[in-house]
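Q: This is the structure I have questions about; it appears just below.
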């Protein structure tokens with residue numbers, strides 16, 4: 001079984017978001033970048049399934065410039081076998097999906113996994129686009145993934161419940177908790193990752209279909225109105241009469 | 001040119017988020033001088049679909065194929081694409097739900113459309129550009145995105161726009177068939193399992209949310225959260241540490257790596273307000289924080305606050321709500 005795991009390079013979850021003075025770009029200064037937390041579920045699950053089968057390969061794919069390589073090496077240290085970097089800044093979801101679809105087609109992957117969404121642009125788009133470009137099923141967002149031969153059984157989260165979905169390979173799934181416990185690299189992994197293959201390839205396809213004109217931060221709160229704990233019931237009156245939300 | 005709105009139904013009724021989407025689509029249609037047609041999925045009664053007229057929808061397409069009651073990404077994509085071609089829709093509006101966003105991404109490739117998810121406002125169409133404002137950085141920021149294609153797909157974030165109610169207006173319900181075959185349903189679920197919901201309010205759709213953090217000290221104390229939620233008709237939620245230690249199920253986890261919510265009221269009990277949690281809730285209209293630590297960072301993001309012991313404050317709030325009702 002050939003697994004392709006797509007990872008995105010995102011600001012650490014503790015990052016305070018700021019933009020360049022013209023609000024056109026995210027300000028990367030001083031920001032620590034990590035593997036997108038949702039993608040870690042995809043990566044670990046692929047490694048677990050490969051180990052359980054006793055055969056197969058896990059290839060990590062990233063669309064990004066050279067500065068994403070530390071996180072690609074981290075994915076190799078966690079247990080992926082090799083990596084591919086499409087040498088381009090990710091312009092939009094469509095552009096990224098084109099790159100993934102091209103790599104997937106070329107390499108004949110059976111299972112294409114990624115996180116449910118990236119925590120920076122929050123598109124929740126790439127999985128469906130890749131599935132449609134390749135003409136294969138997409139299961140998103142998946143909470144559970146098991147394989148038996150070339151048949152996969154997944155649990156898909158829906159509002160208020162879950163669906164059990166069975167699909168044959170090849171397919172695309174976007175992953176989220178509680179699929180597995182994401183692994184962290186151990187020393188041996190870090191050592192071996194240095195020599196694992198990382199192939200850099202040029203981008204393909206059509207230009208992006210969306211462009212960001214400007215970013216904005218949410219409006220600041222006016223300041224908190226404190227209610228003494230002994231008069232806690234007054235809060236409910238304020239919510240009814242002043243804030244008018246109940 | 002027209003606007004096509006995808007309306008999700010469950011248990012015979014149109015979902016609340018889809019009423020918002022219908023209203024959004026009708027307003028976009030008015031902006032562009034055209035009409036809004038809906039395509040229904042998930043199985044609703046004809047009377048409920050006709051009432052989409054109240055949201056400004058003129059026509060509703062309804063495919064009676066029984067298998068459309070359950071979600072199939074392939075079948076839904078084909079259904080909506082067929083409807084879009086028939087109606088010559090240049091704009092398709094869906095809910096930013098686990099159904100809407102999943103279908104939207106496939107549709108965007110099939111229809112060669114520009115796609116924006118997590119959209120929070122009506123588009124700006126002056127100056128020859130089509131610009132939508134959407135949530136980004138997991139609730140920590142917004143981006144204004146230019147959609148450049150001839151066709152555009154917009155997935156609207158829940159509770160970010162109001163559903164309108166022009167009472168008595170009726171939409172025409174027209175039967176429609178996308179000629180779906182067995183092969184189209186290959187990815188349909190073999191089984192659907194629904195959770196037990198406290199008070200029956202689903203968190204992603206909730207207007208009011210009562211949420212607990214580590215300050216609740218243990219799962220055995222959740223009755224206090226549930227009592228207040230029940231009195232208010234609210235959904236319950238929790239912070240990441242709480243779902244990490246299995247006090248509560250992960251689907252209640254609100255935050256950057258859980259779900260982002262934007263209810264009218266979010267009451268945080270014993271949650272300190274880590275930046276990742278705030279990202280998940282800061283588009284809530286009103287935030288109430290109850291914490292015994294006056295230095296808890298959450299107070300800076302709150303509209304109302306009580307510095308006090310949640311175990312004393314919560315029963316008082318529940319009693320006050322019951323008194324008010």
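Yeah, the Cβs are placed from backbone N, Cα and C, and that goes for glycine too.
So TrEMBL says this about it:
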type    : residues                                                             : note
BINDING : B:214, B:270, B:271, B:272, B:273, B:274, B:275, B:276, B:277, B:291 : FAD binding site
DOMAIN  : B:3-189                                                              : domain 'Electron transfer flavoprotein alpha/beta-subunit N-terminal'
Q: Among the binding-site residues B:214, B:275, B:277, which ones place their CB within a distance below 8 Å of a chain A CB?
A: B:275
Q: As a test of the contact definition, list every same-chain residue at least 6 positions from residue B:277 (FAD binding site) whose Cβ is closer than 8 Å to its Cβ.
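A: In sequence order, the residues whose Cβ lies under 8 Å from that of residue B:277 (FAD binding site) (at least 6 apart) are B:213, B:239, B:240, B:254, B:255, B:256, B:271, B:298.
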Q: Given a 10 Å Cβ-Cβ cut-off, pick out the one of the binding-site residues B:271, B:275 that has the most other Cβ atoms nearby.
A: B:271
Q: Output, ordered by sequence, the same-chain residues six or more apart from residue B:273 (FAD binding site) with a CB under 8 Å from its CB, or 'none'.
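A: In sequence order, B:289, B:296, B:297, B:298, B:299, B:300, B:301 meet the Cβ cut-off.
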Q: When a 10 Å sphere is centred on the Cβ of residue B:214 (FAD binding site), how many other Cβ atoms does it contain?
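A: Residue B:214 (FAD binding site): 17 neighbouring Cβ atoms within 10 Å.
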Q: For the domain 'Electron transfer flavoprotein alpha/beta-subunit N-terminal' (B:3-189), what is the mean per-residue pLDDT, to the nearest integer?
A: 94
Q: How many Å separate the two farthest-apart Cα atoms among the FAD-binding residues B:214, B:270, B:271, B:272, B:273, B:274, B:275, B:276, B:277, B:291?
A: 18
